[in-house]
Amino acid sequence: MLLAIDVGNTNTVVGVFDGDDLADSWRVRTDPHATADELVLLYRGLLGEHRITGVSICSTVPAALRELRRMVVRAFRDLPVVIVEPGTRTGVPILIDNPKEAGADRIMNTLAAHHLYGGPAIVVDFGTSTNLDVVSARGEFIGGVLAPGIEIALDALASRAAQLRKVELTPPRSVIGKSTVEALQSGMIYGVAGQVDGLVRRIRAELGAHATAIATGGLASLVVKESETLDRHEPHLTLIGLRLVFEKNI
């Protein structure tokens, strides 16, 4: 079984693949201060009886990746390990001004999106930030859009506006909020859906083609039903990319 680990700024998504099938998955809080010893205990607890035969990792948090490397050496020392970083074979041409700026998670999303749906495609990743990653018909990463994520936007409002506070992220009864809570929920959910729809339409117009729009990320389920442009919802797109990149390198 392959252990796939996607370390994000807020959460780490962990998956176990049995061949092509995702057998199990977990979402845990990313702790950049966790030691290798603490990570060994965490992963042993998660994995239980799963017999791991390989490990594939991507990370957007350098501090967390350092300790994760040490954990892998301790817990999986004799197994093949792929860490997505500059020089790793991904099969994804990166056609932006500075390819080193492209996050490993964005490249994994590009790889998985083209594998599953072909191209052109737009991956909309709802996480700490809301990322729109654009995939060409040939599977190239050609750039995209970065915007504040839903929770970051809500945190900013709650911290800077004296009479506003954090609210539960659930759809309100209507777009027109009947209370401060509902108005905030409407702005977060319908506002982000409208933002994404506008960006997807602009990207499609720039491409001159109907690119398949694929939603992923921990907050995608909040927006998918309210969007007019998202075609697919693949919650574990990054993990699928990690499986594919492992196969390319081992």
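Each residue, glycine too, has its Cβ placed from N, Cα and C.
Not measured: the values here are computed from a predicted model.
Every protein chain shown contributes to the tally, and the Cβ of Thr12 (ATP binding site) ends up with 22 other Cβ atoms within 10 Å. What Swiss-Prot records for Asp6, Val7, Gly8, Asn9, Thr10, Asn11, Thr12, Val13, Thr128 is ATP binding site, and it gives sequence analysis as the kind of evidence.
Per Swiss-Prot, substrate binding site is recorded for Gly103, Ala104, Asp105, Arg106, Thr180. According to DSSP, Asp105 (substrate binding site) is assigned to a helical segment.
Around Asp105 (substrate binding site), the same-chain residues six or more apart in sequence whose CB sits under 8 Å from its CB are Asp6, Gly8, Cys58, Thr60, Asp125, Thr238, listed in sequence order. Annotation source Swiss-Prot lists active site, proton acceptor at Asp105, citing sequence analysis.
As annotated by Swiss-Prot, K(+) binding site applies to Asp125, with the evidence given as sequence analysis. In this structure, Asp125 (K(+) binding site) is part of a beta strand by DSSP.
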Please find which two of Gly103, Ala104, Asp105, Arg106, Thr180 have the most distant C-alpha atoms, given that the record lists them as binding substrate, and give only that distance in angstrom, rounded to a whole number. 38
When the number of other CB atoms within 10 A of each residue's CB is tallied over all shown chains, which of the binding-site residues Thr10, Thr128, Thr180 has the maximum? Thr128
Would you list, in sequence order, the residues of this chain other than Asp6, Val7, Gly8, Asn9, Thr10, Asn11, Thr12, Val13, Thr128 that have their CB within 8 A of the centroid of the site's CB atoms, where the site is the one recorded for ATP? Thr30, Thr60, Val61, Gly127, Gly218
Record lists Asp6, Val7, Gly8, Asn9, Thr10, Asn11, Thr12, Val13, Thr128 as binding ATP; longest Cα-Cα distance in Å? 13
Relative to the Cβ position of Asp125 (K(+) binding site), how many further Cβ atoms are located within 10 Å? 27
Can you tell me the three-state DSSP label for Asp6 (ATP binding site)? strand
